[in-house]
């Protein structure tokens, strides 16, 4: 089901076991974020009208890029990604530096660097409506730190925390239930977190998704987003890795 928010139309596209890709439309144009599966992506684009202008890649992991080339070829779309990580991405038609934008139906979509999960990870900002954050931020959690440093990852999360609180966070995986268990372990007295965890349980029991999620809700409940320092973030990330 498509969601309309601040002039953008956002469609969640489930892929693989627990991935979410995202189809975002504005002004008659559309962009597809992180197509792991070309067939599923093509089906979603065709169901939405059959136009695709951009394929946007957040990072180089195969479960986010495997369908990019075939998807772009099917619709004549351009592929955009981080110029600094181009060697690990499919061929880029638009190799972007942090802060650069693409046009989506008259609205600028800005790429920002959000290293931590990988050193080349980026996030795409669709105006003040949505942020396609890949595996940097998850609902009630964050991605594993495969390549970056705690300082890098914490800075990336703080950059996301500074966005408009009504921004919809377009995360790359359905990990909310497992994240909620850890979050409640480290922050047991957080009422907002308890309510979010209960809601996630209800939604998943009904087979419903927990994403997208408002940034404001994450600011109130996500321990990684609330970490006051890189050192606190590092302790949380290490604890989650062993949880």
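Here the Cβ of each residue, glycine as well, is placed from N, Cα and C on the backbone.
The annotation in Swiss-Prot ties 63, 64, 173 to Zn(2+) 2, and of the candidates under consideration, 93, 103, 135, 217, the one tied to the same site is 135. With a 10 A radius on its CB, residue 63 (Zn(2+) 2 binding site) counts 17 other CB atoms from all the protein chains. Burial estimate for the binding-site residues (59, 61, 64, 117): highest at 59, by number of other CB atoms within 10 Å. For the Zn(2+) 1 site, the Cβ centre of 59, 61, 117, 135 serves as reference, and the other residues of the chain with Cβ at most 8 Å from it are 58, 60, 64, 118, 121, 134, 136, 143, 146, 172.
Listed in chain order, the residues near the Zn(2+) 2 site other than 63, 64, 135, 173 are 19, 34, 36, 58, 59, 61, 134, 143, 172, each with its Cβ within 8 Å of the site Cβ centroid. Taking Cβ-Cβ distances under 8 Å and a sequence separation of 6 or more, the neighbours of residue 135 (Zn(2+) 1 binding site) in its chain are 58, 59, 61, 64, 117, 121, 143, 144, 171, 172, 173. Residue 64 (Zn(2+) 2 binding site) falls within a helical segment according to DSSP.
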